[in-house]
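What TrEMBL records for 178-196, 202-218, 227-250, 262-281 is transmembrane segment.
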Amino acid sequence: MSVSGLTGSPSRCCLRIPVCSSGSVRRVSAFTSPGKPKDQIKIAYLERWYWAGSAQGCKKQRTYSIKCAMDASYGDMSDGSTAIFPRINVRDPYKRLGISREASEEEIQAARNFLVQKYAGHKPSIDAIESAHDKIIMQKFYERRNPKIDIKKKVREVRQSRVMQAVMSRFQTPSTKIIIKTSVAFLVIGVLTVLFPTEEGPTLQVAISLIATMYFIHERLKSKIRAFLYGAGAFIFSWLLGTFLMVAVIPPIPIIKGLRSFEVTTSLITYVLLWVSSTYLK
């Protein structure tokens with residue numbers, strides 16, 4: 001049997017070496033003796049002789065061939081240097097393929113093709129690579145069929161929007177003394193609203209909250225016009241938003257009872273928004 005220039009038999013492996021002077025062929029054994037183990041690996045080389053000219057004479061060139069092992073029983077060859085996938089036992093399919101969880105389908109497919117081509121000679125490695133690839137593809141398919149809302153991503157997008165940036169630029173954090181003062185004032189107004197509701201509604205408490213808002217804004221900004229405009233605008237916006245929330249979003253609160261429970265709850269929401277305006281608006 002001849003394999004790539006080798007002449008093999010169950011007992012020995014020989015190389016045919018041509019000689020330039022006589023054109024004859026001599027054989028060199030690839031194994032030292034037939035008594036050695038059959039899986040012994042030798043580096044075989046070919047000695048090629050060629051005629052380079054009358055002046056230079058006959059030169060010898062050696063070309064090293066690949067390592068091979070001849071099976072003494074059947075005479076076939078086997079490769080003992082097959083690469084094994086190093087992450088074959090990694091449970092996470094993304095880590096097994098060496099990609100991130102945000103990788104696109106093209107990147108996933110490219111990683112799979114690269115690893116399959118690199119470790120094509122080792123079946124367990126191929127099975128591990130294909131299994132990880134299939135798990136990732138099925139997970140991507142499930143996520144497309146059942147999308148979930150990424151709250152952190154949505155909040156980040158809202159905060160980075162131009163509208164939110166413009167709104168946030170109108171607020172600043174004051175000193176701790178101002179925060180405590182405004183918090184105590186609006187807390188007292190809220191407690192009075194809950195404990196002493198009237199048949200006409202918390203009209204007096206709401207008026208007091210408007211005056212308190214203008215006072216605190218003037219104390220911080222030192223401008224009567226801005227205090228009046230900011231206070232009136234904050235009051236109108238807070239009352240409309242509180243009414244909308246009570247009608248469309250927030251259900252009735254069982255703790256607050258009475259004929260004017262709707263007005264009382266709306267007033268409490270308004271107090272919170274007025275506290276934010278009087279404390280952080282600039």
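Glycine residues also receive a Cβ, built from the backbone N, Cα and C atoms like all the rest.
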Q: Would you kindly list the residues that approach the transmembrane segment (227-250) from elsewhere in its chain, counting only those six or more residues past its ends and only Cβ-Cβ distances under 8 Å?
A: 206, 209-210, 213-215, 217-218, 221, 262, 265-270, 273-274, 277-278, 281
Q: Grab the same-chain neighbours of the transmembrane segment (262-281) for me: Cβ-Cβ under 8 Å, and only residues 6 or more beyond its ends, written as numbers and ranges.
A: 170-174, 178-179, 182-183, 186, 189-190, 193-194, 197, 201-202, 205-206, 209-210, 212-213, 215-217, 230-231, 234-235, 237-239, 241-243, 245-246, 250, 252-253, 256
Q) Residues of the same chain, at least six outside the transmembrane segment (178-196), with any C-beta under 8 angstroms of its C-beta? A) 202, 205, 208-209, 212, 216, 219-220, 256, 264, 267-268, 271-272, 274-275, 278-279
